[in-house]
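I have placed the structure first, in the form of structure tokens, so that the comments after it can refer back to it.
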Amino acid sequence: MGSNVKGGNTNRPGLLQQCRSAHGPSFSGQYCQVFLRQGTVQYFVGICVPDSCGEEEVQILVLYDRLRFGQMSLVPPLPSILVNQSTQEMIMTHCLPQTIAPDASDVTCLFVCCVMVAVPLAASLFTAIIRWQRNREVNPTVESSPLSAGLNLYGALNTNNSSGSEVNSSTSEENDTTSSTRPCFPRSCVFGCLQAFSLQNTSQGVFSTSSSVPGGGYSSLNGIRVLSLLWIICGHSAQFPVINNLDNYKNWRKTVESSPVHVLTISGPVFLAVDTFLLLGGLLSARSLLGAINRAEDKLSPSLVANYLFRRVKRIQPLHLFIMCLTIGLISLVQWGPYWFPFIDTLMDCKTYWWANLLLISNLLPVHEICIPWTWYLSLDFQCYATTPLLVYFYRLNKGVFVVVAGGLLMMTTVASAVITALMHLPVFQPSTMTSENYVLYYYVKPYTRYGPFLIGILTGIYLTTKKEQLLKQKWKAALGWFCCLSLMALVVGLAYVLRETPHRPSLPHALYQGLHRPMWALAVSWIILACEEGYGGFIKRLLSLSFWVPLSNISFACYLIHPVFIIAYIGLQETPIHYSDINFMYLFLGHLMLTLVVSYMLTVLVEKPYLLLKSSSV
């Protein structure tokens, strides 16, 4: 039994490496775990048995209490001072394998990852040869080799596009145009694809400090996006250890529940930064579609909508599927420590429900069946994104109808959240939500409860794109708006601490807060964007519009997808539990962040951007 059991350190992992270092004449040590439930407490005990023992045999030894040292049981119950129930109930036993045995699906995933990385590298080499061929002096009387002839043909095909490598560096799909494309010959198509995949092209503009927002303007969005991303990474850096292997959970919970400062990690309202992302997604989707309509001679045609949705799929799916394959392959190749269980669950979910990620409907599954759990947001985002053409259609058809439809949708998502909270007795406060399975299962990942911020983003985007004059013309109105905005944000955060207790019966305050707090947060952020755009942002606009944010914004999508991989890998390789302290968690966050930024740059230029740069004329 470890220290601070009363503070939550109930697991008894032992020492994995000490077990495996034990060797007999015909056997070696094998590390196994017995998962037990005693009253309301679940925990595991690490035991060391010969590697000739199977899991079923270990289970029998535990059930018949044969694992003893003298008269002392090696799997003793928790003392009565900690839990009233003295009877142990065995959940399962598991022995950690000492060899790596990937199956066909694991090998397939690793192969896909290798191909997706190898193609840009090969294209980069080919492009470098082409540029070398262009730059060297060629004697026209010398007969060209087949390679030179191919390279010269490539140069001829691109004579009228000498700046072809200077492609738009933005990582947003809104940069695509609906202009007609010219047909290409098969060889020129291949060369065009290779050029799109080459690092010489994909790396351009990633570190640029010019605005990454298509069409210019909205400079504050870069700062908002990056700060929201940092908030999410910070929260996950705390959340994952808390769920899996913290040795002083009760001390951590008491600390974060008592101080609103910890809202920056995992306390208070649940991940409001996600609602900020939904708001930005709605704003940019409306602006993108309205821009495409203007370029298409003011026509909202089915083909334009299909192209609009296809660009979104092309934007998110290549990197999404790469991360899915990478995670599956990583799980199969690494020998995990005692805190392995979240990874095996993820692996089994991926091998069963991978198709839901492919179809972008994973958030509609029960949460314990989602492959790569943090990718639920991509499914939600695409489902919300698909509603933008319908709302824009109603806006163009009749403003009155549009107001009724938008108001009805906002009311429906608010009421749905409130009713589900009341009927399920859901909490509204972290960390209480972490122990409520129904919170995630019925509320947190569903489109009918999370649509409000995206809808507000659509409304904001339509207004900013179509407005004829400024809304704010007097400083007192701007000052009043800022006061209301900041007061609303403080109210959203503060009320979560007032309502920290989980209701045991339908609670009207909890239901109203759950239904309103996310739309209210999105409304406050939309005011910040509006005020910054109309010249009333002051030092906040200067902060959010710093050129420093732009390169980070360019790799933000890769950062979101890859950072949990580093966090779960760190946790899964631990042999002892992690101890909570503010300084420990700060260093964990900074370490995960630095690894995330470096690898995200590589993923952006190798996996994400090549597919964005592919044009219809090249494929």
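Each position is counted from 1, following the chain as shown.
From the backbone N, Cα and C atoms, a Cβ is placed for every residue, glycine too.
Over in TrEMBL, the protein carries these features:
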| type | residues | note |
| --- | --- | --- |
| DOMAIN | 219-604 | domain 'Acyltransferase 3' |
| REGION | 161-180 | region 'Disordered' |
| TRANSMEM | 107-130 | transmembrane segment |
| TRANSMEM | 226-243 | transmembrane segment |
| TRANSMEM | 263-286 | transmembrane segment |
| TRANSMEM | 319-341 | transmembrane segment |
| TRANSMEM | 353-380 | transmembrane segment |
| TRANSMEM | 401-428 | transmembrane segment |
| TRANSMEM | 448-466 | transmembrane segment |
| TRANSMEM | 478-499 | transmembrane segment |
| TRANSMEM | 519-536 | transmembrane segment |
| TRANSMEM | 548-573 | transmembrane segment |
| TRANSMEM | 585-607 | transmembrane segment |
Determine which residues of the chain contact the transmembrane segment (263-286) at the Cβ level, with the cut-off under 8 Å and only residues 6 or more beyond its ends counted.
172, 174, 213-214, 218, 221, 224-225, 228-229, 231-232, 234-235, 237-239, 242, 256-257, 377, 380-381, 384-385, 388, 391-392, 428-431, 433, 444, 450, 453-462, 464-465, 492-493, 496-497, 517-518, 521-522, 525-526, 529, 585
Can the transmembrane segment (548-573) be said to touch the transmembrane segment (353-380) if we require at least 3 CB pairs below 8 Å and skip pairs under 6 apart in sequence?
yes
Stretch contact, the transmembrane segment (107-130) with the transmembrane segment (448-466), Cβ-Cβ under 8 Å, 3+ pairs:
no
Taking 226-243, 319-341, 448-466, 519-536, 585-607 as candidates, which has the most Cβ pairs under 8 Å with the transmembrane segment (478-499)?
519-536
Would you kindly check 448-466, 519-536, 585-607 and say which stretch has the most C-beta pairs under 8 angstroms to the transmembrane segment (226-243)?
585-607
Please report, as numbers and ranges, the same-chain residues at least 6 past the borders of the transmembrane segment (519-536) whose CB is under 8 Å from any CB of it.
217-221, 224, 269, 272, 275-276, 278-279, 283, 410, 413-414, 452-453, 456-457, 460, 464, 470-472, 475, 478, 481-482, 484-486, 488-489, 491-492, 544-545
Residues sitting near the transmembrane segment (585-607): Cβ under 8 Å, six or more positions beyond its termini, same chain?
116-117, 120-121, 171, 199, 202-203, 206, 230, 233-234, 237-238, 241, 265, 318-319, 322, 552, 554-555, 557-559, 561-563, 566-567, 570, 578
Averaged over the domain 'Acyltransferase 3' (219-604), what pLDDT does the predicted model reach?
92
